[in-house]
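Novice: Handing you a structure now.
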Amino acid sequence: MQEHLVVTLDGKDYLVEPGTNLLEFIKSQDTFVPSICYNESMGPIQTCDTCTVEIDGKIERSCSTVIDRPMTVNTVNNDVKDAQKEALDRILEKHMLYCTVCDYNNGDCEIHNTMDAWGLQHQTYEYKEKPYEKDYGPFYRYDPNQCILCGRCVEACQDIEVNETIRIDWDREHPRVIWDNDVPINESSCVSCGQCATVCPCNAMMEVNMEGNAGYMTDTEPGSLAAMVDLTKKAEPGYGPLFAISDSEAEMRKERIKKTKTVCTYCGVGCSFEVWTKDREILKVQPSHDSPANKIATCVKGKFSWGHINSDQRLTKPLVRKNGEFHEVEWDEALNVIADNFTSIKEKYGPDALSFISSSKATNEESYLMQKLARQVIGTNNVDNCSRYCQAPATKGLFRTVGHGGDSGSIEDLEKAAMSVLIGTNTAEAHPVIASRMKRAQKLFGQKIHVFDIRKHEMAERADRFYQPKPGTDLAWLSAVTKYIIDHDLHDKAFIEEWVEDFDEYYKSLETFTMAFAEEATGIPEAELIKFAEECAKAESVVICWAMGITQQDIGSDSSTAISNLLLVTGNYRRPSTGAYPLRGHNNVQGCSDMGSMPDKITGYQSIEADDIRAKFEKEYGVKLNPKVGKDNHEMVEGVHDGEIHSLYLYGEDTGIVDSNINFVQAAFENLDFMVVQDEFLTFTATFADVVLPASPSLEKDGTFTNTERRIQRLYQALKPLGESKPDWKIFQAIANKLGFDWNYKHPSEIMDEIARLTPLYAGVSYERLEGFNSLQWPVHPDGTDEPILYLEGFNFDNGKAKLFPLSFDNYFKQDEVYDIHVNNGRLLEHFHEGNMTYQTPMIKYKVPRAFVEISPELAEDRGIHEGAEVKLISETGEAVLQVHVTDRVKGKEIYIPLNNDAMENGDLGAINLLTNSDVDQYTDTPSYKRTSCRLEVIAKRGKSPLNPNNFRVNKKRHPQYSVQVQKKWERPDYVFPGNQVDK
């Protein structure tokens, strides 16, 4: 194959790699060619025709031209300019330029910028208004009269996010963007990811919060606005002066609109973007092609759910309980109360009578200081975080087999794998941006997706193969598939020989895991498992993603281990697009654990029991550290009931709602001598506290998060803390100093420098290396090099070899005769966890106002109930009253309850964890949330649906197509390619 091709661009020769996009090459040489419909994150769409150039004497679109031969390209001759002007004129026929009074006049309107850069002074075709009104959804609106039909929104919806709602109806007299079968936005299958508004090159598709708020004159009434536009156009002879005025106004906006890079504070994907603020008002969230985890993608939460920042429910002053009621106090008083109580409890009962729970929503630096406060200042290892509730079993399984508790590679690897296997993960709702990458890979590039889940969620519907095992039985089929692969000589013998140990012992342990055994245990037909095993073994590359459907079982650690065993046997580690991906739930649950907020590990998973590790930290901290492993979250609650724990300090965690068996947890809170809660809001858990401290959310501080792919990213302060709230790191420092220590951090970067000194995984991390959209994936070496793909140099054991780990299985699913219904639970797309943050955004609450229970059509028929029925669910530990949504996403006696119950408004009413019990995974103490059974009593047989009728789940169907179907435009009788109009 020829290495380079000669391209002559405007008379100058260049050597270009074959396969290069011509438009991208032209741009790389700082040569201007208009390209309004083109976006580097989406590729050629071919609707605008503005990028025409002359290629070997013929006018063609440069965006869709691949350099596959030597070619001569001209971007400046008269024919090219005439063709480009024709295309630009046609755009202005559809789009009125009223830039100065347009909310989009912020320096990045691609129509304005293109016309200005090209030098267009007058348009040939008069603007023609279309017979359509604006269409408003809850978060964005569409203005057909400003739409140029570039199709970016369609490409984004169909082939980037792959939500498959938006398309262009090219058959109309006046084509326009439509939703589904031409219904209003708010009545469509749209999931409000907002990417259509992100990629729109003008003001046709725009965030509702932007409208009337961005410019100095954009809040003008429509009639007055039209008059201003007409007056301006009559006063100026051409577009040059108009652009000069609008450019000046756009420059003025920089004084009022602040653009700050941040990282999403919801799930573990780690989407980064700029947040646009005017004073405290959040105008929009704008992702970038430079965003390393998400590129231009977002979900409804990251794009639109920021109501919590300015919510009137925010805490703005410390609260101290006096005579049974909370009273606002000054910071010094609150800190004194904390210091006095911590001191007295420590003196009376010892340091291990105090306990600390860190937040997976807070920054790395804050998580580090929480564990430092516990270990250095108090002298206890009783510190933990919410990974105990979800991810600890996955980490345990990976520590056993490959040595690192994190994703094997990057999100990009998930997209490029030949086969993706999803086990117990509702990826489309819990990690929607990752799901979009997989959906795109399947739709456009043929990735095979296999889903194992008890519930038919979106990824199950889209899967090439969907398997429904009985609850809690995944270990059985995973081990049986692994045995079958070895038995039939399909395993990667060379990989195992070089990189894996304990094979013989492991293989012997598989003796009982026959396919017949797996079918009996799981209910999946043997033939289906055999076919999966053969496809898995033969696939060029395999990734396995899993989440709480695996980890929140009493055998979560063993099931996670079985996943890694299968990957090792098939040689699916140490290569791009292979490996294990335990999808982290919270934005910083990975980082919180990395930072040592764990009872047995200090930063970077260094053992607190190791003398040399303690010595290193003792030198830094200036105190002796407690060598005794502390209590985890589960043990803390038990410890309160046993009289061993007397104080609890937690922040950014609504433990009284999200822990299992919350009646038992809440009783523990009542038994504490002293409790401190630190949060944005007076959460349900905070109502049990003695002191409540007002904390600042992510937009009000600097710091770093570490996402599910081990990617460390900076977030920058966009707003001042509201009222007297403070960033968590400042609060920890104030408490430490009240207790006699001398913490003197001026900025979180100093905290990260300390972390890097003490933590090999983060040794090369610095704020300078994380500037802007730069990121690093641990382990980060002292010179700043990182490891996007783990294990390339060997596995994280002394000899560099992975370990196959023998397992057994006797966890058969048996339905109780009394508690005859199995309770599944998890997230919804619109809400995050219990919903404390998301319920503060009114339109999110409008879409999903409350928790509910999904019931199968067959169970509904059996119990004589209908949509909206009210039922009481009763388990061994408690009861919950919920409304019914009847759906085939669940089957038989399986039900599903979302986690969000708006506890700040409803308390624990309807909370799933009224039903869960205290059973845990034996190795990690992770609650068996998914191992819950109940019985059902009917209160009312029918009622109003718990879902808003405009929710996308209610009888809404997707409308898939490939791209914008531009050929339909080309087939219209009123279309002529501009290049064909040029008079040669």
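Using the three backbone atoms N, Cα and C, a Cβ is placed for every residue, glycine included.
Reproduced below are the annotations present in Swiss-Prot:
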DOMAIN    3-79  domain '2Fe-2S ferredoxin-type'
BINDING   CYS37, CYS48, CYS51, CYS63  [2Fe-2S] cluster binding site
DOMAIN    79-119  domain '4Fe-4S His(Cys)3-ligated-type'
BINDING   HIS95, CYS99, CYS102, CYS109  [4Fe-4S] cluster 1 binding site
BINDING   CYS147, CYS150, CYS153, CYS200  [4Fe-4S] cluster 2 binding site
BINDING   CYS157, CYS190, CYS193, CYS196  [4Fe-4S] cluster 3 binding site
REGION    252-984  region 'Formate dehydrogenase'
DOMAIN    257-313  domain '4Fe-4S Mo/W bis-MGD-type'
BINDING   CYS264, CYS267, CYS271, CYS299  [4Fe-4S] cluster 4 binding site
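What does the local environment look like for each feature on the list?
Specialist: The Cβ of CYS37 ([2Fe-2S] cluster binding site) lies under 8 Å from the Cβ of ILE45, GLN46, THR47, CYS48, THR50, CYS63, CYS150, GLY151, ARG152, PRO201, each on the same chain and at least six residues away in sequence. Secondary structure at CYS37 ([2Fe-2S] cluster binding site), as computed by DSSP, is coil.
The average per-residue pLDDT of the prediction over the domain '4Fe-4S His(Cys)3-ligated-type' (79-119) is 93, rounded to a whole number.
The number of other CB atoms found within 10 A of the CB of CYS102 ([4Fe-4S] cluster 1 binding site), across every protein chain shown, is 25. In the three-state DSSP assignment, the secondary structure recorded for CYS102 ([4Fe-4S] cluster 1 binding site) is coil.
The Cβ of CYS200 ([4Fe-4S] cluster 2 binding site) lies under 8 Å from the Cβ of ARG152, CYS153, MET206, each on the same chain and at least six residues away in sequence.
For CYS157 ([4Fe-4S] cluster 3 binding site), the same-chain residues lying six or more positions away in sequence with a CB closer than 8 A to its CB are ASN163, GLU164, THR165, ILE166, ARG167, GLN195, CYS196.
In the three-state DSSP reading, CYS267 ([4Fe-4S] cluster 4 binding site) counts as coil.
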Novice: Quick test of the contact rule: Cβ under 8 Å, at least six residues beyond the ends. What residues does that give for the domain '4Fe-4S His(Cys)3-ligated-type' (79-119)?
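Specialist: For the domain '4Fe-4S His(Cys)3-ligated-type' (79-119), the nonlocal Cβ contacts are 32-36, 48-50, 52-54, 59, 125-128, 130, 145-149, 201-204, 206, 210-215, 217-218, 220, 225, 228-229, 232, 239, 242-243, 245-247, 249-251, 253-254, 257, 978-979, 981-984.
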Novice: I'd like to confirm something. Which of the binding-site residues, CYS51, CYS264, CYS267, CYS299, has a Cα closest to the Cα of CYS109 ([4Fe-4S] cluster 1 binding site)?
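Specialist: Its closest listed neighbour, by Cα, is CYS51.
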Novice: Which whole-number value in Å describes the distance between the Cα atoms of CYS299 ([4Fe-4S] cluster 4 binding site) and CYS193 ([4Fe-4S] cluster 3 binding site)?
Specialist: 4
Novice: Tell me which of the binding-site residues CYS51, CYS267, CYS271 ends up closest to CYS99 ([4Fe-4S] cluster 1 binding site) in space, Cα to Cα.
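Specialist: When the Cα distances are compared, CYS51 comes out closest.
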Novice: What whole-number Å value do you get for the CA-CA distance of CYS271 ([4Fe-4S] cluster 4 binding site) and CYS102 ([4Fe-4S] cluster 1 binding site)?
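Specialist: Here the two Cα atoms are 28 Å apart.
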Novice: Hey, what's the Cβ neighbour count for CYS99 ([4Fe-4S] cluster 1 binding site) at 10 Å?
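Specialist: Summing over all protein chains shown, CYS99 ([4Fe-4S] cluster 1 binding site) has 26 other Cβ atoms within 10 Å.
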Novice: If you count other CB atoms within 10 A of each CB, which of CYS109, CYS271 wins among these binding-site residues?
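Specialist: The residue with the most neighbouring Cβ atoms within 10 Å is CYS271.
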Novice: Sequence gap of 6 or more, C-beta under 8 Å: which same-chain residues meet both conditions with respect to HIS95 ([4Fe-4S] cluster 1 binding site)?
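Specialist: Listed in sequence order: ILE111, TYR127, GLN146, CYS147, ILE148, CYS202, ALA204.
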Novice: Express the distance between the Cα positions of CYS51 ([2Fe-2S] cluster binding site) and CYS102 ([4Fe-4S] cluster 1 binding site) as a whole number of Å.
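Specialist: With the alpha carbons as reference points, the distance is 25 Å.
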Novice: Given the [4Fe-4S] cluster 3 site residues CYS157, CYS190, CYS193, CYS196, which other residues of that chain have a Cβ within 8 Å of the mean position of their Cβ atoms, reported in sequence order?
Specialist: CYS153, ALA156, GLU161, ASN163, THR165, ILE166, VAL191, SER192, GLY194, GLN195
Novice: Please list the DSSP helix, strand and coil residue counts for the domain '4Fe-4S Mo/W bis-MGD-type' (257-313).
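Specialist: Counting residues by DSSP class gives 5 helix, 21 strand, 31 coil.
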